[in-house]
């Protein structure tokens, strides 16, 4: 499994990645290559995913980051872990809360800007209304997890 | 106290509000069970750095000080007197945060320490959550750190990480191997970090075990390791071997979960049938085949080919049907009673099916319905519905469109719902009524037509051994009509559906499903009635006839399903793409397809008694269906445009499978077994009054065998006694009632808890608002919003004026930290850390920090004009610290076993906090009259006393490492006495 993933990683840029990893060479693949993988290519969140899992926060991945990403995206990963990373993916401005602007970004990514501004605002308000338990105007990780507990088909 | 000034901030109504009070108190009781919630404010506080200032917190003081004026002496003992006690959770963060701002680098690890302590968990099960929160905090620290702050932040973070890591490692060591592996897997860290943690844990473990090394332990370790590896391998092999795993993934990736749920359901049913085939074949058929494998058919019956469709003729004399089994006791190595085996196999199979259905239905219901909240639909749609495993571009665009459409619809529904006029509502109601009437009458009409068709067939078919070809073909008429009805009428139903305006899409689906169920139930009911009442009277071997009829239904249904997916999906795809692009590519209708499956499965269940090998046909059918549907889906269909929540739909399907269909089939079989007379010429039960009487015969036989009295007794007193069933029913009813009440109570509790969360939120927003108001009112108190920048400025201030006591306080904090670390080391060296000790020390730390901050604020006070607020904030800090200390003390009290030690710990923490409070009051008192010089002198004294006490403590600790808590508390008592003395002196002097 690991070896397969390594070859996947290497295939993205054979000229960059050496075959011999015994002395831990410092190799990073740029986001352009990661984002063009078939698993991510059509995902509207591909940039966010790459950013969240990469160590430098810009989508450039080392082999370890790459392995991390696949271990979380695999179906064997625990649900809690997935929820945690999903939260981070939705948290566009990295402030540990999903606030309204994050929701708007999510919505725009999911609907490709087809909703009008008014509709986006209304949907965001509704979501906040439903999911924000402590009424602080933003979703914390607990709010998110609480919602996910009640959504059994989340990330199945 | 003259400092009792509520100014404009004290909101009596808010403070005295009974509900809020209760809420707060109860939440303070429970917050330790939810460690994550406790931890959250800490890093929230960090984020909310802009609110941080010494004045900032005074808003809460004004609220909190009210009860203090009257009972400042003994109030620290009672929890009731601190209504804002729980605020400590909210404001636990400032205690360390303050240090960030004021102190130099030496203090920094200290503050980190406090943080790690304050978020210590009662149980190790939640450690991942804590770690997760920490990791999150770590992430959040980087963007906030300014350039001048970066080095410091990194330093602090490294320290924090190390501490945290050690804690984690210790917790992990305490777990069992399996739990540990799972916990490590669950950590939200990178691969490298996980490896590091794991190595540390292993090293820790081996170092601990090295001195008690035995050969046995080593061996068992090795064996368990290899067993675990073996288990992993088997697990992964099982996953790769699992039926259709790759196909399932592909479907899920291309069409989403709702379509996938159809295939999962199909697979589940297939497993059901394989099980029933194994049971029937193994327990009923194999003995017969082994005993006598030549079918005793008349010589003129041959295999003609049409039998495959009709199931009549040749098949009639094989083990396919009831008639093919004998009533003999097969004599081989052991006697095998055919009657008993037939009866018990069918009965046990039905019971097992029922249990499996009930269990899967209940668990699915619990998971998908009770937890799922229907009100949070759009939040679900936005944040949880995205399937990250979708890899197909078309599917992605499709899903995006779906989401867009659904969101728009839900918005417009909301807007429309209120605009409907009365006439429109009436019109809608009329349409509902009409379509319900129409669909119900259609279902009834179909049932009636099937009945007349059956009667017609009954006139044609004779009870002969041998049918002509036309006669045999005529038997296909009924199944053909039934399948045709099943194919065509649902189309009408979906047509009705287009005219109706349902307020929600879910209701629409439910209505459709309900109508289809009604149709199928009415048809099956009519067929069953016909078999029970007409066929059973007329034919000599009527069970086989019913078996044949069921066989034909199953087979013809199969053909219709194939045709349906060909014409329904392929043709409409061709039409939609080539001729009428307006219609578009057909959608995969999950509800209709699943109902077809349910119908097919019901036929198999009814047939299990009449044709024990019917599951074979069913297995073949489902197996072919799977590939057929898969091909049809990928070639012809697009994902459904409007899909409900897949998990909920699945629950409904399992529920439907159970309630009308399985229960119906079960009652049909049971009626047959109890009431109807088995045919006299064929089958295992020939000559008996009813199938069930075979048990009576068996019991009669048993009575002659000694040693089996208990079976006879059970039969007489349990199975056949009405009282037993009466009692059972009564007990079950009582249980149902109890559980119902419990559920009701929990519902109420949920409502209350929700209300409480809302109240907490109100609390928070209220305080924040106050804070902001204060900030606006005192802009000079806080020149720069960034605390990092303020940090340097503050430091220079401190150095310029009140340098001495600042450094004193710092020294104290350092000492306290060192002592804590000593404690830690001792604990870790001597074994596992005792949780109560650690929480005590964390409380200690918090109290200290609160005190320290109180000092700082006191100093600020000397410099700044605005005294009231700072002093009162110091007071409040102390009070919070005390509240928190008490909380911890109580937690310990309940959580630990060693009461004597705990009482020591508790008293020490309480004293600490009391000191903090006292001094804060003291300061407040000074503050009124502003004698800055005397303040500092008394302060110095106090500090020195404290320092001395702590030094003593340190000396004592190495001397008596076994019993640190009492010695610590004694030195603390000393310190407290010194402090009181100082205060007295001051009072006298004044």
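Just so you know, glycine gets a Cβ as well, placed from its N, Cα and C.
The following features are taken from TrEMBL:
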type	residues	note
DOMAIN	A:78-113	domain 'EF-hand'
DOMAIN	A:119-154	domain 'EF-hand'
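Under DSSP, residues within the domain 'EF-hand' (A:78-113) fall into helix, strand and coil as 24 helix, 1 strand, 11 coil.
Panel annotation: around the domain 'EF-hand' (A:119-154), residues 79-80, 82-84, 86-87, 90, 96-100, 103-104, 107-108 of the same chain, lying at least six beyond its termini, place a Cβ under 8 Å from a Cβ of the stretch. Confidence for the domain 'EF-hand' (A:78-113), expressed as mean pLDDT, is 80. Mapped onto DSSP classes, the domain 'EF-hand' (A:119-154) shows 22 helix, 1 strand, 13 coil.
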